[in-house]
């Protein structure tokens, strides 16, 4: 029997990316896979883009009725307010393997249904490197949103609230928009912002630095920190000296915090930092290195306003699907990297990538003591 991949429609608000582009879907079909794609009006690729690729288009949200042996492929979490058992093998970002809020409840659904979670975040090759990630575009988009928010604060003061964010069709449109915003803000403020990127040598940090440069921020205004600069352990007062801080680290083990709320509240020295973009979005992780806020923001409500009295307020962006700001390009890059592993599902028992993912799932179920 051919391997069956069922692409579910994303239900997270303003999630326009897809786990399988039309081009990648065609390559799977050509390789002998059966591919079902749920219809979706929010996806950056229209349903018509999949016509002629050999896939079967199926109604929105019907993955629960998929054949028992189908792999349910998606990106973000499953629909909310549903704790039903999950009998399928799901390939997605579940955000439950690092002790995040509600992690036991997610894993319990798989245990009750005898299903399997093959988490996209933990698909790694023989060197332990992730086979596919949205990290570059997450950093790229995070830097863009941070610059946009800084411009908003310069041009409008603390009020009104930063408005909802819409996605862009391509990176050139985004760059053009931010450059225009910066021109207005600099004319009022007198200089370009200083941007600090934590985790600058990784894919995510590389994306953050690249966008800042694309938007016209000079190299001397982009401060890039990584392991060498942080090996002594935080917190780091230097973070407060910059206008925008973009956190791009991938947290796998407990570390001292980079910055604390007490530091942000201090008035001993004027704080330069007014915008914090936490691309990693590990606020519900007990080892979060940015413990100045809790929760997440969205494209509709992008900012958490942190009270730092008697110091000025700090605005935090913590959107957990930032690559959806550029959904077409980020989906294409991700699918290109993921495709070899999807093709390896034909011989899943022989695949180290899928074998490690399944072992991790069972280990986390045992850890949860369900």
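Cβ from N, Cα, C; glycine included.
Annotations in TrEMBL come from automatic prediction, not curation.
Noted in TrEMBL for the protein shown:
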- 95: active site, proton donor (ACT_SITE)
- 129, 202, 203, 226, 230, 250, 279, 319, 320, 321, 322: NAD(+) binding site (BINDING)
- 204-248: disulfide bond (DISULFID)
- 6-141: domain 'Alanine dehydrogenase/pyridine nucleotide transhydrogenase N-terminal' (DOMAIN)
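Largest CA to CA distance in the NAD(+) binding set (129, 202, 203, 226, 230, 250, 279, 319, 320, 321, 322): 26 Å, whole number. Looking at residue 129 (NAD(+) binding site) and residue 204 (disulfide bond), their Cα atoms lie 14 Å from each other. When DSSP labels each residue, the domain 'Alanine dehydrogenase/pyridine nucleotide transhydrogenase N-terminal' (6-141) comes out as 37 helix, 23 strand, 76 coil, counted as helix, strand and coil in that order. Here the C-alpha separation of residue 320 (NAD(+) binding site) and residue 248 (disulfide bond) works out to 12 Å. Spatially, by CA atoms, the recorded positions 95, 204, 248 include one closest to residue 279 (NAD(+) binding site), and that is 248. Comparing Cα positions, residue 248 (disulfide bond) lies closest to 203 out of the recorded positions 95, 203, 230, 322.
Annotated pair residue 203 (NAD(+) binding site) and the residue listed as 'active site, proton donor', C-alpha to C-alpha distance, rounded: 19 Å.
Among the recorded positions 204, 230, 322, the residue whose Cα lies closest in space to that of residue 95 (active site, proton donor) is 322. The CA atom of residue 204 (disulfide bond) is located 11 Å away from the CA atom of residue 322 (NAD(+) binding site). Sequence-distant neighbours of residue 230 (NAD(+) binding site) (same chain, six or more apart, CB under 8 Å from its CB) are 198, 236, 258, listed in sequence order. Over the domain 'Alanine dehydrogenase/pyridine nucleotide transhydrogenase N-terminal' (6-141) the predicted model carries a mean pLDDT of 95.
Here the recorded positions are 95, 129, 203; the one with the fewest Cβ atoms within 10 Å of its Cβ is 129. When each of the recorded positions 248, 279 is scored by how many other Cβ atoms sit within 10 Å of its Cβ, 248 comes out lowest.
Highest Cβ count within 10 Å among the recorded positions 204, 322: 204.
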